[in-house]
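Copied from Swiss-Prot, the annotated features are:
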{"type": "BINDING", "residues": "Gly10, Ser11, Gly12, Lys13, Gly14, Thr15, Arg127, Gly172", "note": "ATP binding site"}
{"type": "REGION", "residues": "30-59", "note": "region 'NMP'"}
{"type": "BINDING", "residues": "Thr31, Arg36, Asp57, Leu58, Val59, Gly85, Tyr86, Pro87, Arg88, Gln92, Arg133, Arg144", "note": "AMP binding site"}
{"type": "REGION", "residues": "126-136", "note": "region 'LID'"}
Amino acid sequence: MRLVLLGPPGSGKGTQAAQMKETLQIPHISTGDLLRSEVVAGTPLGLQAKQVMAQGDLVSDAILIGMLESRLSHTDVVKGFILDGYPRNLSQAAALDGLLAKFGHPLNAVVQLEVPTDVLVERIAGRAQAEGREDDTPDAVRKRLQVYNDSTAPVIGFYQQRGILLRVDGVGRLDEVSQRIAVALGC
């Protein structure tokens, strides 16, 4: 099963992806983790990304899709994968579609974790306080969420048009949300 897990910051994507990895026995591919490991490994794409990040810029879609192409060529993804943190915009969604078409393996489903803004703000602010982060004020969190919503709304529409978007309530205990995802996927 080839899946994308979408959701705003604080929605529990990483937690749910880790749970789904165990349940479905397929790899969890986090673009953030992938980027960091490519940089540490000193791959050509990792070196390009490091140079871009050192200048304070965002890593280009071309570099990210190159890293994904490399990762998706590994044998452990033959039975599927859970992609977390990508795509974040419409051009990335189109690039991912093209890449998966090249491999002959289109996405089976896109799971959108839906969590109300007030719950997200509470989760992130609580996490920030526990970690001693002063930059995650409620106003800063709301701004990040707005940026996420503005860039990701077209992606959600893109997958909804294709009939593979599954909306899942992301509020509740870990096991409750995991169960909702499993039901939505028909597992």
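Here the Cβ of each residue, glycine as well, is placed from N, Cα and C on the backbone.
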- DSSP-assigned states of the region 'NMP' (30-59) in counts, ordered helix, strand, coil: 22 helix, 1 strand, 7 coil
- Task: Looking at ATP and its recorded binding residues Gly10, Ser11, Gly12, Lys13, Gly14, Thr15, Arg127, Gly172, figure out the farthest C-alpha pair and report it in angstrom, whole number.
- Result: 16
- Query: Averaged over the region 'LID' (126-136), what pLDDT does the prediction give?
  - Reply: 67
- Item | For Gly172 (ATP binding site): intrachain residues, at least 6 apart, with Cβ closer than 8 Å | Arg180
- Gly12 (ATP binding site) and Arg88 (AMP binding site), distance between Cα atoms, whole Å: 16
- Item | Collapsed DSSP category at Tyr86 (AMP binding site) | coil
- Here are some binding-site residues: Lys13, Arg88, Arg127. Which one has the most Cβ atoms within 10 Å of its Cβ? Lys13
- Query: Roughly how many Å separate the Cα of Ser11 (ATP binding site) from that of Thr31 (AMP binding site), to the nearest whole number?
  - Reply: 17
